[in-house]
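S.K.: The structure's right below; bear with me while I get my questions together.
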Amino acid sequence: MVKLVLVNPQIPPNTGNIARTCAATGTELHLVGPLGFELGDRYLKRAGLDYWPYVDLHYHNSCEEFITHWRGQGGNLLGFSVTGTVNFWDYTYQSTDWLMMGSETDGLPQMMRDLSTQLLCIPMPHSEVRSLNLASSAAIALFEAGRQLRSLG
């Protein structure tokens, strides 16, 4: 299954919700610091409910630390951004892909955008809407990748 990477997430309930989605889908969750909260934050724990024991959680102190880990594992690093040039529906996912999303306020740091194998976007037909909620985006991306990978085999 693909892996999910959150770079500098800021809002504990979003990350908790994403952790619950990762538990439900069997997806590794990689958090890249600095975070906008402590891992013991009560809102983070509450959003993840009692599913935390089922979350395959990995914490990296910095982008550089994560990059070293990712390079050791291999696979495509897929950045998600409102300015992405490839529609996420049109991308053919592989089980070794890493789906990477940035913070709720700043998106992906430029160095992570530059490192991405592809920069994907989730289309939004209403230009007045700047972005989707991070937890919603993560769920949309994970379930599309999962749908494609199940249909392949």
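Just so it is clear, glycine is given a Cβ too, placed from its N, Cα and C backbone atoms.
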S.K.: Can you match one of S95, S131 to the S-adenosyl-L-methionine site that Swiss-Prot gives for G102, I122?
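M.R.: The record-listed residue among the candidates is S131.
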S.K.: Give the sequence-ordered set of same-chain residues, not counting G102, I122, S131, with Cβ within 8 Å of the centre of the Cβ atoms defining the S-adenosyl-L-methionine site.
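M.R.: Counting only non-site residues, the set is F80, S81, V82, M101, G107, C121, L132, L134, S137.
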S.K.: How many other Cβ atoms sit within 10 Å of the Cβ of G102 (S-adenosyl-L-methionine binding site)?
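M.R.: By my count, 22.
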